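Participant: Per TrEMBL, UDP-N-acetyl-alpha-D-galactosamine binding site is recorded for Phe115, Ala116, Val117. Among the features that TrEMBL reports, active site, nucleophile is placed at Glu296.
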Amino acid sequence: MLLSSGQAKLQKRQSLWLQEAPAKQHHGRVEGMNAKKRMLMLASCLFLLLLAKVYFRNYEEEEFPLSDWFNPRRRVDVITTTDWLAPVIWEGTFDREALEKYYIKQNITVGLAVFAVGRLTDQYLDPFLQSASKFFMPGYRVIFYVMVDRHLQLPAMDYSPLQSFQIHRLGEERWWNNFDLMRMKILAEHIQKHIKYEVNFLFTMSTNLVFQNEFGVETLSTSVAQLHAWWYFRKTKDLPYERRPTSAAYIPFGLGDFYYAGTIIGGVPFQVLDFAQEYLKSVVWDAENGLNSTYEKYLNKYFFLNKPTKLLSPEYSWDPTFNIPRQVWYMKIAQYPTDSL
């Protein structure tokens, strides 16, 4: 049967459509799958952006903007800002009222860890706890983590309902010859097990300290270092850093910022944990290489590489056996030499 030219063209188009239909259907399915993948990727991106927004918002809320409470120009006689723009806290540089308004709203809990063994318990622990209960973060929830090697009866003092005490008795097998190594290892364990869930900020201090004035929220930050009272007034070239290149605590000549004291370190729990873990790694590294350095030198190497976000002036840990210089307006904490109490 002969077809007209119009019928032939129609039949040809139908034949081509039948041939192309499966391909188009397959292509449509692929396009549909790609569209779903794009939607999933878009949803994932939006979710990640939301998480990032929440993270950075929370991070920003941790730190009260400096301009709202810190005025370095009020103390032209001392260093008030580091080269990396971290504040150095001296009396007169901070607005306590503004800080109080901010941190009260944050509903924070601050931890203070102290280790006392042997004669440290006998001579220093009671004055430390009695003075800390009065002057450490008054008006805020505080958890005192007291690590001792014996049964402890808390001294008589005026307890605040906002304060709680956790006494952790440590077995004799834990008391090694290196006291600092022991306390950093145990502190790291406690931070990982429970402290990181209990407090927003954490300090660990030497036992031979007696609080003299308020140690308040002006000291809070992500990473807090204490300037050494004696070495603050010396030139950088004279600071007693570890100078042996093979040591993990090594800082080359000509480098370094300040000399930090081991009496006080603080910050958010994960930052204190990071220091403790890095200190332990450094001690092991040196031991494997037949070396041994001091706790403060490892501490200074850590802060040389990981700049603290806030520095406490020598007012916060002053040795009262030294004459008090004019730069120290108020001694916040007295650091007593061994056997001086």
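Yeah, the Cβs are placed from backbone N, Cα and C, and that goes for glycine too.
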Participant: Taking only same-chain residues 6+ apart in sequence, whose CB is under 8 Å from that of the residue listed as 'active site, nucleophile', what do you get?
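Facilitator: Looking at Cβ-Cβ distances below 8 Å from the residue listed as 'active site, nucleophile', excluding near sequence neighbours, one finds His228, Tyr259, Tyr260, Ala261, Gly262.
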Participant: Could you check the binding-site residues Ala116, Val117 and say which one's CB has the fewest neighbouring CB atoms inside 10 Å?
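Facilitator: The binding-site residues Ala116, Val117 were compared, and Val117 has the fewest Cβ atoms within 10 Å.
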Participant: Would you count the other C-beta atoms found within 10 angstroms of the C-beta of Phe115 (UDP-N-acetyl-alpha-D-galactosamine binding site) for me?
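Facilitator: Excluding its own Cβ, the number within 10 Å is 25.
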Participant: Beyond Phe115, Ala116, Val117, what residues of that chain have CB atoms within 8 A of the centre of the UDP-N-acetyl-alpha-D-galactosamine site's CB atoms?
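Facilitator: Sorted by sequence, the hits are Val114, Gly118, Leu120, Thr121, Leu125, Met147, Val148, Asp149, Phe179, Arg183, Thr207.
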